[in-house]
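Feature list (source: Swiss-Prot):
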BINDING   Asp721, Glu738  Mn(2+) 1 binding site
BINDING   Glu738, Asn740  Mn(2+) 2 binding site
DOMAIN    514-768  domain 'ATP-grasp'
REGION    1-347  region 'Glutamate--cysteine ligase'
Amino acid sequence: MLDSFKEDPNLRKLLFSGHFGLEKENIRVTSDGKLALTPHPAIFGPKEDNPYIKTDFSESQIEMITPVTDSIDSVYEWLENLHNIVSLRSENELLWPSSNPPILPAEEDIPIAEYKTPDSPDRKYREHLAKGYGKKIQLLSGIHYNFSFPEALIDGLYANISLPEESKQDFKNRLYLKVAKYFMKNRWLLIYLTGASPVYLADFSKTKHEESLPDGSSALRDGISLRNSNAGYKNKEALFVDYNSFDAYISSISNYIEAGKIESMREFYNPIRLKNAHTDQTVESLAEHGVEYLEIRSIDLNPLEPNGISKDELDFIHLFLIKGLLSEDRELCANNQQLADENENNIALNGLAQPSIKNCDNEDIPLADAGLLELDKMSDFIKSLRPEDTKLRAIIEKQKERLLHPEKTIAAQVKQQVTKEGYVDFHLNQAKTYMEETEALAYKLIGAEDMELSTQIIWKDAIARGIKVDVLDRAENFLRFQKGDHIEYVKQASKTSKDNYVSVLMMENKVVTKLVLAEHDIRVPFGDSFSDQALALEAFSLFEDKQIVVKPKSTNYGWGISIFKNKFTLEDYQEALNIAFSYDSSVIIEEFIPGDEFRFLVINDKVEAVLKRVPANVTGDGIHTVRELVEEKNTDPLRGTDHLKPLEKIRTGPEETLMLSMQNLSWDSIPKAEEIIYLRENSNVSTGGDSIDYTEEMDDYFKEIAIRATQVLDAKICGVDIIVPRETIDRDKHAIIELNFNPAMHMHCFPYQGEQKKIGDKILDFLFD
């Protein structure tokens, strides 16, 4: 088979690609390391309906399922995002990072996963498992690695090496069966290199291979993986299926089911399973539709990795499967399967002691020799078929280091840390560290960092609910959401099918907005609009003794706005006009309304959030210049540009320079200690301002005004900017200065100060409920 790839560059490229999917289980725990007895978080919806976030055996055992992707990078991004979403939505709980369980309650108190109805097949199956195996053993968690070769690769091989009169599906079945045989024979190597469950609580399991650790927990003396040993998650007795042909494979599993050894194919706990994408996952379905992918089930959670597995591990498993494809197709009889099982158990229990491996002739081979033989073969086909790939070569070298130096294995490192810190403390410390890392980047959707932050937020919230998301236009932040037959198109997170087109046009035009609101007795600032800059300049005398705002007619985000609260010169006025006309062909000059500016976010006639916006500012220290203080404040990791982070960096443009000049300051001025210097008059977060949540504190009087304004313009998702007087007695002196048809949600979700609001959830509720 190797010759087929050497001769065909297209096949060579396809060989190192594939389709990848991951399933990861984690137990939810309390802050002191006990099994969380709370229900599955309601935000994820019914387990039957969410394709991404379900439960495994227990209500406390969450399962994350990525969609099928075309690369390891993309499937890892999905896993990372799902892990982050679940972590952030599991309130006051942590995700236990080990395959072996945390502190467990009594057997009868371990909750089995709940479903829509008590007689759900999923519930009944779990009750069967609890009765047959016990509940505690079901809490062993891990990662399932789903893989299929590209269809074009199978087509190419079928054309070159299929048997006479062999159908493509029969060829495909034979191909995957061959890889499965290689995996079954050599899985001991994968367990040695990826095993990560050598430590456990003393009351969870007992084996003659264990020793006690200082904290009273237990560890396999020289072991790698309790989960993959005979003390782990196995069928009650060894089930040897016939790998000589696909039909024989199907028949042997069917015979075990008929004999009552297992209830269904779901209970066939083989380290690798042949599967197809049909949802019933019965042996009859597999027989009818044939093999579509492989499911590797023996991967432990790696507590040293935030997401339970590294990309290097994923790449190595891929290479392992490629090796299976390129290897000779050898018989895997019951005797050989028994030897393979013994090798697996021996490595799982004694791998760090480097025991010998039994070959098919029952001969002892030193572990390092046997492992290096397989790794060298992988190196050879990488050199032959992908010589330029230094990353894959480095991955193989890393595995060789682990073979030659057992202390470098994942299992040895985990055992060392648990011995030092204690079983519960080590895993809790890891879980807390990973949670802190997740919280620090809670606003981010991995792989979508180039998109607007509000888009990332609503996308994450859609994933949490199991809503399918398609990117229609990345540059335009245009998404399609689908839940069942219900489809919604959303642009920039808040432009939806609920929008009224004329309402958007009215809000886009600030002159029209003010006219319509004023006609409905809603207070707005008085002013004039100008389309000719020369005429606007000539009107200087009308405004020179007033407090005014100069702003573009139709822009958003506070761009191009200048505010004069104190006396200003003709030159200042002209510069403000230059700035405003640079953003639009028309400008508005209106009265300045004293007070504090608040953003009211109204969704479907309800105020969901209120934000006080403080203009861009720095606080002096008596040492640094204004420019240096801005540079320092902009180092905050939550500040970015183009709405990709919760806060915007403070700019040093003409608007800010003008503002400084109005205070008789420059960029080189050194403010006194604790002196606050404002760089903008307008308080938009989009121009570097600070956001403070005021939802609970805001008077209902102003909330009702915000709602009434959106109703006048028939706006369903709207940002209402209101100047609120500081004194209650003056509240009738408020004014609405703007309505926004595309309000940013991120500043409510991640304010500079105050409670974070789940605005993505509110919009999705509006769209789908």
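Just so you know, glycine gets a Cβ as well, placed from its N, Cα and C.
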Pairwise Cα distance for Asn740 (Mn(2+) 2 binding site)/Asp721 (Mn(2+) 1 binding site) [Å, integer]: 8
Residues near Asp721 (Mn(2+) 1 binding site) in space but at least six apart in sequence (CB under 8 A): Glu597, Phe598, Arg599, Phe600, Ile736, Ile737, Glu738, Leu739, Asn740
Taken over the domain 'ATP-grasp' (514-768), the model's mean pLDDT: 93
Other CB atoms, at most 10 A from the CB of Asn740 (Mn(2+) 2 binding site): 20
Other CB atoms within 10 A, centred on Glu738 (Mn(2+) 1 binding site): 21
Three-class DSSP secondary structure - Asp721 (Mn(2+) 1 binding site): strand
